[in-house]
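Per TrEMBL, the features are:
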type	residues	note
DOMAIN	16-195	domain 'Formyl transferase N-terminal'
BINDING	Gly25, Ser26, Asn27	N(1)-(5-phospho-beta-D-ribosyl)glycinamide binding site
BINDING	Arg78, Met103, Arg104, Ile105, Leu106, Asn120	(6R)-10-formyltetrahydrofolate binding site
ACT_SITE	His122	active site, proton donor
Amino acid sequence: MQTPSGHPVAPAPGARLVVLASGGGSNLAALLAAHEDPAYGARVVGVVSDRPGAGALDLAREAGVASVVVAPADFADRDAWNEGVAEAVAVFRPDWVVLAGFMRILAPSFLARFPARVINTHPALLPSFPGAHGVRDALAYGVRQTGCTVHVVDDGVDTGPIVAQTAVPVLDGDDESSLHERIKVAERALLVETVGRVARDGLVVEGRRTRIG
Ligand code: GAR
């Protein structure tokens with residue numbers, strides 16, 4: 001790109017990430033820390049939450065990143081809410097949409113706006129223990145290994161093609177909270193690494209198989 005006087009204009013570095021979060025936002029915080037480094041190859045350009053009180057919104061503000069709340073209560077029905085979320089995300093012109101603790105299901109119409117561009121992090125080794133209580137369900141089942149999964153979002157609930165996983169052992173005496181905290185340590189590292197690699201090198205999805213680069 002050039003200015004009218006011929007001076008090149010450096011494009012802002014990195015792929016554009018829009019992060020959707022419902023909760024405290026520790027995964028968002030990890031992405032915000034990573035994007036400080038231009039070599040990371042991606043930067044968070046917007047944060048969208050369904051919850052006005054989400055800690056993720058405070059993190060965005062502190063980092064100087066634009067944020068917007070799209071609360072279901074402000075919409076007539078689910079379709080309208082989905083449309084509202086899609087519009088809010090599209091304004092930021094994302095290369096990638098990252099669901100980082102976003103606790104609502106997005107409609108196929110949302111995914112169609114950002115085909116194969118929506119990535120989710122889930123606190124279990126998918127396809128085991130999908131849904132809103134992945135940590136609790138793994139613990140109740142009695143598995144000795146659980147973990148976290150970064151995957152491409154499809155029309156199902158945590159059923160999309162898997163990009164990366166880390167195993168985390170279940171320790172004697174774990175409860176949901178201690179196990180989730182340990183998973184989240186692994187999850188933040190996995191999400192930051194995976195999103196960075198995907199942003200820098202691209203993601204190929206062939207059926208259920210994925211390949212970075
Ligand atoms: C993360 O563990 C994420 O995997 C999980 O919520 C947590 C959010 O933590 N998401 C789901 O369970 C989605 N099904 P954070 O707000 O501290 O990033």
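Each residue, glycine too, has its Cβ placed from N, Cα and C.
Here the structure is a predicted model, which means the values were calculated and not measured.
Note on proximity: among Arg78, Met103, Arg104, Ile105, Leu106, the binding-site residues of the record, the Cα nearest Ser26 (N(1)-(5-phospho-beta-D-ribosyl)glycinamide binding site) is that of Met103. Each residue contributes its Cα atom, and for Arg104 ((6R)-10-formyltetrahydrofolate binding site) and the residue listed as 'active site, proton donor' those atoms are 13 Å apart. Less than 6 Å separates the Cβ from ligand 1 in the case of His122, drawn from the recorded positions Arg78, Arg104, Ile105, Leu106, His122 in sequence order.
All protein chains included, Asn27 (N(1)-(5-phospho-beta-D-ribosyl)glycinamide binding site) registers 26 other Cβ atoms within 10 Å of its own Cβ. Taking CA atoms as the reference points, Leu106 ((6R)-10-formyltetrahydrofolate binding site) and the residue listed as 'active site, proton donor' are 15 Å apart. Cβ neighbours within 10 Å of Leu106 ((6R)-10-formyltetrahydrofolate binding site), excluding its own Cβ and spanning all shown chains: 22.
Sequence-distant contacts (6 or more apart, same chain, Cβ under 8 Å) of Arg78 ((6R)-10-formyltetrahydrofolate binding site) comprise Pro72, Ala107.
Applying an 8 A CB threshold to same-chain residues 6+ apart, the list for Gly25 (N(1)-(5-phospho-beta-D-ribosyl)glycinamide binding site) reads Ala54, Gly55, Ala56, Leu57, Asp58, Leu59, Ala60, Ala100, Gly101. Between the alpha carbons (Cα) of Met103 ((6R)-10-formyltetrahydrofolate binding site) and His122 (active site, proton donor) lies a span of roughly 10 Å.
Cβ-based neighbour count (10 Å, all protein chains) for Met103 ((6R)-10-formyltetrahydrofolate binding site) stands at 13. Between the CA atoms of Ile105 ((6R)-10-formyltetrahydrofolate binding site) and His122 (active site, proton donor) there is a gap of 13 Å. When the Cα atoms are compared, His122 (active site, proton donor) and Asn27 (N(1)-(5-phospho-beta-D-ribosyl)glycinamide binding site) turn out to be 11 Å apart.
Local packing around the Cβ, expressed as the count of other Cβ atoms within 10 angstroms, is greatest for His122 among the recorded positions Arg104, His122. Taking a C-beta cut-off of under 8 Å and a sequence gap of six or more, Asn120 ((6R)-10-formyltetrahydrofolate binding site) has these contacts in its own chain: Val98, Leu99, Phe102, Val150, His151, Val152, Val153, Asp158, Gly160.
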